[in-house]
Amino acid sequence: MSLLTEVETPIRNEWGCRCNDSSDPLIIAASVVGILHLILWILDRLFFKCIYRLFKHGLKRGPSTEGVPESMREEYRKEQQSAVDADDSHFVNIELE
């Protein structure tokens, strides 16, 4: 009984791999998927804060302020700032000088 497998066979006094079917489309597809998975995983680890912040808050920029009086713009800015200052039911009081 031999301990050698089909993959590990002695070829010319060295251990090697017989890869006669390396042009098989399934092997090529699996290699491409593996490489893409590795690239996406690396990008995810490098930029996870930016990526998940975009998913959480979206790309909201707010409504256009064109044609709106400056007093209303300032009121809207204060409302938005107070909404940002509230963090998971912990409200932050900011005193202006």
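Glycine too: its Cβ is placed from the backbone N, Cα and C atoms.
Taken from Swiss-Prot, the feature compositional bias 'Basic and acidic residues' covers 71-80. According to Swiss-Prot, the feature N-linked glycosylation site maps to Asn20. Residues or ranges marked as phosphoserine by Swiss-Prot on the basis of sequence analysis: Ser64, Ser82. Per Swiss-Prot, the feature site 'Seems to be involved in pH gating' maps to Trp41. According to Swiss-Prot, the feature topological domain 'Virion surface' maps to 1-22. Residues or ranges marked as topological domain 'Intravirion' in Swiss-Prot: 44-97. The transmembrane segment annotation in Swiss-Prot covers 23-43.
Ser82 (phosphoserine) sits 36 Å from Trp41 (site 'Seems to be involved in pH gating'), taking the CA atoms of both as reference points.
Summary for the recorded positions Trp41, Ser82: the Cβ-based neighbour count within 10 Å is maximal at Ser82.
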